[in-house]
Amino acid sequence: MAHQESASVNETYDYIICGGGTSGCVIAARLAENPALSILLVEAGASNDTYPATAIPAAVSQILGTEANWNIKTEPCEELENRRLHIARGEFLGGSSGCNGWSGDEMFKYMSKAETFHNKPWFDAEKDAHGYKGPIITYMFSTGKSAHGCGHAVRTVSQGTRTMSTNYITSSTKNSGISTRTKTYIDRISLETDSAGALRANGVFLQDITGQKSFVKARKEVIISAGTYGSPGILLRSGIGGKKEVEKLGIQSRVDLPGVGKNLMNHLVLLSFYEVSKPALTNDHLIWHTNGKSKSSTQYQTDKTGFFSQFPFGTFAFARLDSRLADSHLWNSAPRAKGLDPMGLSSTHPHVEFWNTECYSPKYIPGFPPRCLKSSDPTENPIVDHRYLEDPLDMLVFSEGCRTANEIAMRGAGTKDIVIGSWPRSRNHHMFTTREEWVSVIRSNADTCYHPARTCKMGSPDDPLAVLDSSLKVRGITNLRVADASVMPSLIGGHPQMPVYGIAEKAADLVVSEV
């Protein structure tokens, strides 16, 4: 006989989506294109309408540290002077926004499906690299095959307002099959054993913000899309993960998958500030100077224009650092796979990105510690240990990236005549000429770049730390998938938001193909 945990069924849906963030809203909307299906979208936070700042392009700082964010702090980072870093994870509807079938061409197809791109007359973007019928409205982007160059970054902004994944479920009249439940935590996934002895997901145990518990049944599938920090926690609370880890928390082990919550990768960033010769050369006067912020806020509220109507960044550059690292014994003696450098990158992949005053390196050591849950309480944040810069190669490349950025700022053709030096002037980093001088600055000031991935990674059957197959199905269980940044086999050397939209679009197609 089939076995399942005892629980009274409050409601039944065809699909239950656990997490209403960047990917969850996409999947819900695509499934709802079939009017015969019923979908429940569960989100721990409130509706994004509760937080007006989420729609304001330049107001991201107003969201951090509020109820719209999970406000996770990392474990002390040994190589960053034991500092604990604040890591953002959106807690509202809309969220933070190497396998067969997941080629580069395939991913670009699905990313294009998500966007409606608008070019600018003064910028010649590569038109074939974009989509023109998706719910996410984007402006200005340059793409190409070079690992060395600069351009403009895409903005998910339309008429002064940020567009995000909730557009998928609000921009169409065809989403009547979607029910949303906000301010509700995913306690765990319900698993049953069928007559053949196989495990299958058949529902979700929920807990609202008052502590009230309920059970919702899934006829077809449960899809977890709670993000890199949230999805492994749901699996572990369900008994899916390293056997010893879940049993230490008093949870019955259902499937021994040691890769759950492991393999974390994230980008690191260092902000270096410089003083310019004339105030009008920067946007500081629009926000920091006397009455600047209030004037800009009034302008935005009046007609959705001005400083708050756009992201305060845009120009970016990617760079390879091979020639600049040629003098390093560590770089030259480090092991490397055929066709790859010591960072595991091919010659077509950049080492660093410079983004206004921001630069970071795309290779960092996996992070989640041996135990990544504090308890079985779904309202409690996980233990997150990034282990930044423990690999000496990371510090080498990162410090070289900082040195390169400093040279561009102080000696570049477009900057040398307008940059005075460091700001505040007491920092003196404009005088640095060696990598070693940057090391102490990095240890004291580097911070996370909010690009976590890989904690429920896809992989081949012979990869002991892979959690999912190429169809995003959890190993050893039927009717259960994960679809968010946690599924990435490796963190990309860029910004992950658009790839997450692509993952969600692909996931929806995978699910629909089996209906």
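The backbone N, Cα and C atoms fix where each Cβ goes, and this holds for glycine too.
Since this is a predicted model, take the numbers as computed values, not measurements.
TrEMBL annotations:
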type     : residues                     : note
ACT_SITE : His451                       : active site, proton donor
ACT_SITE : His495                       : active site, proton acceptor
BINDING  : Thr22, Ser23, Pro496, Gln497 : FAD binding site
DOMAIN   : 227-241                      : domain 'Glucose-methanol-choline oxidoreductase N-terminal'
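Structure coloured by features recorded in TrEMBL.
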residue: Thr22; record: FAD binding site; DSSP class: helix
residue: His451; record: active site, proton donor; DSSP class: coil
residue: His495; record: active site, proton acceptor; DSSP class: coil
Taking residues Thr22, Ser23, Pro496, Gln497, which bind FAD in the record, the widest Cα spacing (Å, whole number):
12
Quick check for you: of the recorded positions Thr22, Ser23, His495, Pro496, which have their Cα within 10 Å of the Cα of His451 (active site, proton donor)?
His495, Pro496
Express the distance between the Cα positions of Thr22 (FAD binding site) and His495 (active site, proton acceptor) as a whole number of Å.
14
Mind telling me which of the active-site residues His451, His495 has the densest Cβ neighbourhood, counting other Cβ atoms within 10 Å?
His451
Greatest C-beta neighbour count within 10 angstroms, which of the binding-site residues Thr22, Ser23, Pro496, Gln497:
Ser23
Distance between the residue listed as 'active site, proton acceptor' and Ser23 (FAD binding site) at the Cα atoms, whole Å?
15
Counting by DSSP, what is the helix, strand and coil composition of the domain 'Glucose-methanol-choline oxidoreductase N-terminal' (227-241)?
11 helix, 2 strand, 2 coil
Average pLDDT across the domain 'Glucose-methanol-choline oxidoreductase N-terminal' (227-241), rounded to a whole number:
95
